[in-house]
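Copied over from Swiss-Prot:
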{"type": "BINDING", "residues": "Asp34, Asp86, Glu158, Glu160", "note": "Mg(2+) 1 binding site"}
{"type": "BINDING", "residues": "Arg47, Arg70, Glu158, Gly231, Asp233", "note": "DNA binding site"}
{"type": "BINDING", "residues": "Asp179, Asp181, Asp233", "note": "Mg(2+) 2 binding site"}
{"type": "COMPBIAS", "residues": "353-371", "note": "compositional bias 'Basic and acidic residues'"}
{"type": "COMPBIAS", "residues": "378-389", "note": "compositional bias 'Basic and acidic residues'"}
{"type": "REGION", "residues": "1-104", "note": "region 'N-domain'"}
{"type": "REGION", "residues": "122-253", "note": "region 'I-domain'"}
{"type": "REGION", "residues": "341-349", "note": "region 'Interaction with PCNA'"}
{"type": "REGION", "residues": "345-395", "note": "region 'Disordered'"}
Amino acid sequence: MGIKHLYQVISENAPDAIKTGEIKNHFGRKVAIDASMSIYSFLIAVRSEGQQLMSESGETTSHLMGMFYRTLRMVDNGIKPLYVFDGAPPKLKSGELAKRVARKAEATEAHEEAKETGTAEDIEKFSRRTVRVTREHNAECKKLLELMGIPFINAPTEAEAQCAVLARAGKVYAAASEDMDTLCFESPILLRHLTFSEQRKEPIQEIHLDRALEGLDMDRAQFIDLCILLGCDYLEPIPKVGATTALSLIKEHKSLEKVLEFMKNDPKKKFVVPEDWPYEDARELFTNPDVRPADHPECDFKWEAPNVEGLIEFLVGDKGFNEDRVRNGAARLSKHLKTAQQSRLEGFFKPVARTEDEKASLKRKHDEKLQQQKKKKKEDAKAKKEAKAKPRGAA
């Protein structure tokens, strides 16, 4: 799930933190990718007529199809991917995971019912909700990556946290995940949509943590408190606290402790904090996650030549893939992983920091833009209200 509405909060209040561009803009970069999130997206997206792809023996192959071709797309564009797999989830996450299992069980039941009575759209909708990444999916993807010569490592717990460690140490340029909580783990740069298919034509989002903090006028501790208040994987959300409310509460009170004190003493009793709401534990998981240091032997990785015959045996022999396409993919891997050794020009130059005047100018422009948006919103609401108040048939 990640952090609810965090992208919206950053895009509206710190737009300078987000860059969008094409995948080719990341040529020559090493990127640590949240493997479990990627596999989940492959299981949902790589489909035929609403169903996951299957081998002749009835085994799911959507995860392998996605992993093979989306990784090829990255390598074709000069990116050197490193996949990071989740370890055991933190105990605090067990409540959220239990809810997900329950939701999937409900969706499975609804899916079966939709098959009998529903439309094709209903079947597709409930089918996607039943998707779960299993140990077998992970094991098969690891086998595929090994045969492709693409490195992977196993995180002690959360993959995003381990990706962030590697990015902070400079072993990779960025962490790649759809989960916005990667920023809570202090990844300097987060890439989103990197493993999407080319057909979706979604630009790659590049989010810079330092610019987000600057635009929000927060330190990291306040940012983590904001993310917990917005809603994370570790805690139930507080009812009636949306993006705007969460941001204004942290801005005004500066910390979760002060926010909770305000809620408790509020005479209107607008907010009801769940009885068991261990926000301090959630904060600790973001601040000091269970990760390996970047110089740990298990964080060493390198890219190898693909094992072509091994790929043929696994993908073609065992899983029924097309042999010509697999051989073509292996040839592309061999060619482009060598090409990606070229350095990016930016590696030779130190980026110039913005001056205080430039920062002030950017903030002023952003504030003006926000005021214009608010003004337009008010005008639109007023026009809508007036239109409703007009008698029918009035000119």
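The backbone N, Cα and C atoms fix where each Cβ goes, glycine too.
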Averaged pLDDT score, the region 'N-domain' (1-104): 83
Distance check against Asp179 (Mg(2+) 2 binding site) for the binding-site residues Asp34, Arg70, Asp86, Glu158, Glu160, Gly231, keeping those with Cα within 10 Å: Asp34, Glu160
Cβ-Cβ neighbours of Arg70 (DNA binding site) (radius 10 Å): 22
Mg(2+) 1 site, defined by Asp34, Asp86, Glu158, Glu160: further same-chain residues with Cβ within 8 Å of the Cβ centre: Ser36, Met37, Val84, Ala155, Thr157, Ala159, Ala161, Gln162, Cys163, Ser177, Asp179, Thr182
Cβ-based isolation winner (fewest other Cβ atoms within 10 Å) among the binding-site residues Asp34, Asp179: Asp179
Residue among the binding-site residues Asp86, Glu158, Asp181 whose Cβ has the most other Cβ atoms within 10 Å: Glu158
Other C-beta atoms that fall within 10 angstroms of the C-beta of Glu160 (Mg(2+) 1 binding site): 29
Asp86 (Mg(2+) 1 binding site): nearby binding-site residues from Arg70, Asp181, Gly231, Asp233, Cα cut-off 10 Å: none
Cβ neighbour count (within 10 Å, all chains shown) around Gly231 (DNA binding site): 21
Helix-strand-coil residue split for the region 'I-domain' (122-253), DSSP-based: 68 helix, 15 strand, 49 coil
Cβ neighbour count within 10 Å of Asp233 (DNA binding site): 20
Secondary structure composition of the compositional bias 'Basic and acidic residues' (378-389) [DSSP: H/G/I, E/B, coil]: 12 helix, 0 strand, 0 coil
